[in-house]
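The structure appears below as structure tokens.
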Amino acid sequence: MDLEKIYKDAGAYLEGHFLLSSGNHSQFYLQSAKVLEDPALAGKLADELAAVIEKFGIKFDSVCSPALGGILAGYELARAAKKRFIFTERVEKVMSLRRGFEVKKGEKFIVCEDIITTGGSALEAAHVIESLGGEVVGFAALANRGFCKVANLGNDSKPNAKLPSDKPFFALGNFEFEIYEPEHCPLCKSGSKAIKPGSRGN
């Protein structure tokens, strides 16, 4: 599966000067919503991701995603794997479980995102699950932005990767984009201003 081509064909592989949620800057941004707006394509990607997880023998009961970006990817993964789906969301900047969702003691979860960069949001969701007695047995995403080690792709992790090394992480593709701290961003130094994805229709 050529994930890069899928993103480009969907108009989801953006080039410019972007302000990421981490506060860092990048010349490239993956707008997964453009890929997932096609239910047939979203289903195909989720089926592929579920097959990868099954191949590695990971047993799980449910899927959890951090809102907002991970919800569509996580829901589709749960559908493909025939599992329950829930999501966490930030309340006053604290990742929380709301809307009547419950976690059973010992319930095994895959935490799923659309894109994982350092894995910070996915890790926050995992901590919520574990604090309620659940067990996170792995992480998944459509794509990895090159920082975290992907079990099925064989790449190495980078120092700022936040996902735990003792839990497998699965993805359909790996995008190695340069990410810059604002004070060291060459795009800023050239006079360009970073925009937050979505602020200008992206």
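Any Cβ shown, glycine's included, is placed from N, Cα and C.
Summarising the annotation, Swiss-Prot assigns 5-phospho-alpha-D-ribose 1-diphosphate binding site to K93, E113, D114, I115, I116, T117, T118, G119, G120, S121. Annotation comment: Swiss-Prot describes T117, R145 as orotate binding site, evidence class sequence analysis.
Reported as a whole number, the C-alpha separation between T118 (5-phospho-alpha-D-ribose 1-diphosphate binding site) and R145 (orotate binding site) equals 8 Å. In this structure, the C-alpha atom of K93 (5-phospho-alpha-D-ribose 1-diphosphate binding site) lies 24 angstrom from that of R145 (orotate binding site). For R145 (orotate binding site), the nearest neighbour among the listed binding-site residues (D114, I116, G120), judged by C-alpha distance, is I116.
Secondary structure from DSSP puts I116 (5-phospho-alpha-D-ribose 1-diphosphate binding site) in a beta strand. Counting other CB atoms no more than 10 Å from each candidate's CB, the binding-site residues T117, T118 peak at T117. Residues K93, E113, D114, I115, I116, T117, T118, G119, G120, S121, recorded as contacting 5-phospho-alpha-D-ribose 1-diphosphate, have a largest CA-CA distance of 20 Å.
Residue with the densest Cβ environment among the binding-site residues K93, D114, G120: D114, by other Cβ atoms within 10 Å.
Of all Cβ atoms in the shown protein chains, 22 besides its own fall within 10 Å of the Cβ of R145 (orotate binding site).
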